[in-house]
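Take a look at the structure below.
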Amino acid sequence: MSTTEEAPLVRLEGVGKRYGNIIALRDIDLEVGASEITCVLGDNGAGKSTLIKIVAGLHRHDEGVFRVEGEKVSFGSPREALERGIATVYQDLAVVPLMPVWRNFFLGSEKRTGAGPFKRLDIPFMRSTAKRELLDMGIDLRDVDQPIGTLSGGERQCVAIARAVYFGAKVLILDEPTAALGVKQAGVVLRYIAQARERGLGVIFISHNPHHAYPVGDRFLLLKRGRTLGYHTKEDISLAELTAEMAGGAELEELAHELESAGVQGAPELREDARDLGVSD
Amino acid sequence: MTIAPPAADERVAARSSFRKLLGRPEIGALIGAIVLFVFFSLVADAFLRASSFSTVLYSSASMGIMAVSVSLLMIGGEFDLSAGVMVTSSALIASMFSYELTLNVWVGVVVSLVVTLALGFLNGLLYVRTGLPSFIVTLGTFFMLAGLNLGFTKLITHNVATPSIEDMDGFSQARAVFARDFTIGGVQVNISVLWWIVFVAIATWLLLRTRSGNWIFAVGGSAASARAVGVPVTRTKIALFMGVSFTAWFYGMHILFNFKSVQSGEGVGNEFFYIICAVVGGCLLTGGYGSAIGAAIGAFIWGMTSNGIVYAEWNPDWFKFFLGAMLLAATVVNLVVRRRAEAGK
Ligand SMILES: Nc1ncnc2c1ncn2[C@@H]1O[C@H](COP(=O)(O)OP(=O)(O)O)[C@@H](O)[C@H]1O
Ligand SMILES: [Mg+2]
């Protein structure tokens, strides 16, 4: 950590969000600094997407404080977030499959040359830049002219990540980038996520798989039904504990306790289970 | 400024320029066109005459001008079923406006341009505002325009066709721009053929060399992904509908100044021919893939087949069967192309 009290890139304090009368998030704290990976874990419906949509500028929060580099913000659109250096890679919205890799890489931020009606794409620049940037991230493509749909799911995610890095993102939000991938491909994507951190980016990595999150993460926020179940740094939690907490180990123990006090048989076995999961000792 | 070519990758070696050519959307249509050309040359003696060639070119242009913008729209992921009758609307507006108010025909031409572009804008706006498939939205505007064409024409001229505007001010200049004939190397060519080629060239440049072209492929390939990276999706789609209305105006002006009078019931059904030209030329019905040159080859196939059947002295009733079979064949070829592009490795 730097000695000067530098504000983290993104910091949420007591953030809450309601959809009408549904409380999707309540009192959430989260932070991510440069060269850090913060993982957000939780089951379906836990509020992970809602949380990152606030940071990405798709929704405004109703409660709490959202700071970017120390400054209070509330984004009205993804563009505003992008201008502050917060880029998001959505799992299913990352690319246009039929378009060549280099066109996908520059889509929406095309480099042009010439003037007036003859303003045109600077194709040689975009081709060679896409090729080089991907190579820098360790993605060695045969041909940047091939449709991006011919790449594997993992490679596609990587191109989307490389693109966000190239266009100057400071914070990268990844919504379940490994969810639909096989073990090997997920490994490839995790390597690029770690690489983005090495390049000084802050990463918010959404996952429901602790085995993907633990090896790369620095901080872990566990969500359940819109509330914080736990917020840990890597030093104070092991993979087994993280897995157990996600699997509801703490609840299991609570249940055992309740049953025990009610004198129900079998409660000790339940307590054993909880211990095996690494929650209590 | 010089840019060093990216270092050659040994794995690319296999992807020769021949393989690259095979990956182009228009390649199937090109092969089909060559086969049909050879076929009709063999079975119809009249097919290779210069005069036949000029007829084939003229028919091709009559589909091709609209097929240019229709193919762009399809690459952008949308259909316009009102495209056929919109040509007629455009010609009717220019004709009746000039005639009834006894104005220079150019006034009618300009009024028609403004109104027709507004029709395209309306199609686009209806599509983006309702969120309905463009197929449904333009099916609605197709019937509305077809009805308006007949209704207004009968109301104003008390006839199903407009009176000739041949002796009105400005007619000869307008005809020179939109419908003149001239000869190149002994072959009589209508200027609409040249305009067709110009439009194909502009559309090709737009698609492959400009940012707008990038956006057209993107909104057709995956509108949600395009939006997520900041592509103005609705603006692009509306512009594509307006592109169709622009060529509808242009071709409407050709019809008006070529035939002097406009039949109000014309144009119905042509929208499908435009779509066939685009699909035969390699455009995917699902969007995101295709080319303007392909659509031009598709129109040329249309021109060769529709006339070749006549030169071969067959019953032209068979033509539509041919057309339908070709559409099916092309769609299957395109499907294979798409599967290879999306899932292949
Ligand atoms: N746009 C919305 N309107 C109403 N409720 C929503 C909306 N989006 C999410 N929710 C609700 O908020 C809760 C959290 O959802 P979400 O953030 O998508 O969870 P996750 O991404 O962890 O699966 C769920 O109960 C979900 O039904
Ligand atoms: Mg989610």
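Placement of Cβ uses the backbone N, Cα and C atoms for every residue, glycine included.
Values in this document were obtained by computation on a predicted structure and should not be read as measured data.
Among the features that TrEMBL reports, transmembrane segment is placed at B:27-44, B:56-74, B:105-128, B:135-152, B:187-208, B:215-233, B:239-259, B:271-302, B:318-337.
Counted over residue pairs separated by six or more positions, the transmembrane segment (B:318-337) shares fewer than 3 Cβ pairs under 8 angstroms with the transmembrane segment (B:187-208), which leaves the two as not touching. In terms of C-beta pairs under 8 Å, the stretch of B:27-44, B:187-208, B:239-259 lying closest in packing to the transmembrane segment (B:56-74) is B:187-208. Just going by CB pairs under 8 A, the stretch in B:27-44, B:105-128, B:135-152, B:271-302 that sits most against the transmembrane segment (B:239-259) is B:105-128.
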